[in-house]
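Visitor: Checked Swiss-Prot, it gives:
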- D16, H17, G18, K19, S20, T21, N133, K134, I135, D136: GTP binding site (BINDING)
- 4-186: domain 'tr-type G' (DOMAIN)
Amino acid sequence: MKIDTIRNFSIIAHIDHGKSTLADRLLEYTGALTEREMQDQFLDKMDLERERGITIKAQTVRLTYRADDGNDYILNLIDTPGHVDFTYEVSRSLAACEGALLVVDASQGVEAQTLANVYLAIDNNLEVFPVLNKIDLPAAEPERVKHEIEEIIGLDAHDAVMASAKEGIGTREILEEIVKKIPPPEGDPAAPLKALLFDSWYDQYQGVIILVRVIDGTVKKGDKIQLVSTGRSYEALKVGVFAPVMREVPQLAAGEVGFLIAGIKDVADAKIGDTVTHALKPCVTPLGGFKEVKPMVFSGLYPIDTAQYEQLRDALAKLKLNDSSFSFEPETSLALGFGFRCGFLGLLHMEIIQERLEREFNLDLITTAPTVVYKVHRIKGDVITIESANQLPPLQEIDYIEEPFILASIHTPNEFVGGILSLCEEKRGVQREIKYLTPTRVMIIYELPLNEVVLDFYDRLKSITKGYASLDYEHLNYRRSDLVRMNILINGEAVDALSLIIHRDKAYYRGRDLVSKMKELIPRQMFEVVIQAAIGAKVIARETVKALRKDVLAKCYGGDITRKRKLLEKQKEGKKRMKNVGNVELPQEAFLAILKVEEK
């Protein structure tokens, strides 16, 4: 196969702009799938991907296409995840391509995540050309959207392909553009093997399957290969391509995209962005851009039924097989029992994992409030990182605490700007800029503490803007902040699962809301229950759940006041004793309340 007949490309699009449907049409047109095999969103393998209409893992497929110039071309479509949490995975998938189709919904225009991914593509020197999808919709405004693409992204859009993936309009034109506009890969088949690993997953029969793009050299069955970041060697047991079902091939040469199965046991060894080379004759310099993915958001997962603990552990281990960016370790809580502390890339990643646990493994879970990674500088000069309030050292040992900040860019219709600005200010944001992209669309850029974003920022942004705003963020740095640990005390006992790290300025308001919410949820006992929010020894808010009491004076018709007083005193004594020995059962809702306390 000649290297100049290969085209490697990916499709960049915002959620719901029609990326997976377009991929379906390309598969159908090039005859990769028969009518019988065709199902909607063929490349999205997980039910969850189909349902939410998002792509979570990268997939590849090889198409063969006879172009108008009479030549046969091999087109490798690399399907990338489009969501902000998976930015690193996207950048590695894009590094495997020479070009990209920018698919924009002709009725909605350019969105924040599209923009982030286009910039990633441009950073990787990809040839990007625009495709306007959904032109069959009555609300489509192709001219306005073309103008937006030119204004916002700076791409020439006058000859953008008009398409409707649903109706199959424009599919052939797109294939022709791919052949004409995207350059063939460059690479030397005779050089030592150098290949980019851009995705991996676990198959229970064959071990870890890795997707690679060969940059230089060739790899064939039986070769000894090495992964550069770990230095471990394996034997290539199978070499092949997805067309779109797995098919073995004799070898993969420079410029080609395919899969390798090499008896790798653990997906954590096959790191995305790693370089694959020959063990005996390695390449001199590995590929650049590799970095270890670290979880940014942490949350505790506990089974509601403690008998499901083992099942939860097995389920987490299974998910980890396919997702090395997810981490978990056991933890115990006095209030919730045994569970796990899990680390995620971001909020969407967290939601997807929780939903998969509940759906695929039938588990009922309680999730504690999400937290981020803080850096605590201690007085003795060392720095420790913590993910939960319970790991915070005593106040007298702490010099200062740093928290992570992100740079958020929010795209929104202009009528919602006021609401978004006040939301960002309330979340301790620092305004960077406000840019009018078109007379009706605005881009707002803010620096925000990640701690404030993980709780409910995204939901509130969507409700303020009726779902029209889109959010994209990147991690900036760590900054010094006045953070404190707030404890919730029930009858003087701190409840570990309810502690949280919070900014001092907000602690009073949050504490007050929390204790009043808890007062509604804790059922009345035979003795009074005192709920307090405290920072260190200082109580900042308090509520009391009054005791239930029997009417002890019912049997005294008239009689002396001292008799009544004696009975009341006796009852009071009894209640006091009870309070010392009684313990309060906290209902499950009390923990969920913490997650749902809206900051006023």
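Note that Cβ sites are derived from N, Cα and C of the backbone, with glycine treated the same way.
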Visitor: Among the binding-site residues listed here, S20, N133, whose Cβ has the fewest other Cβ atoms inside 10 Å?
Guide: S20
Visitor: Return the residues near I135 (GTP binding site) by Cβ distance under 8 Å, restricted to its own chain and a separation of at least 6 in sequence.
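Guide: Expected: A106, P142, M162, A163, S164, I169, G170.
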Visitor: Using DSSP with the three-state reduction, classify S20 (GTP binding site) as helix, strand or coil.
Guide: helix
Visitor: Please average pLDDT over the domain 'tr-type G' (4-186) for the predicted structure.
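Guide: The answer is 75, the mean pLDDT of the model over that range.
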Visitor: Work out the three-state DSSP category of I135 (GTP binding site).
Guide: coil
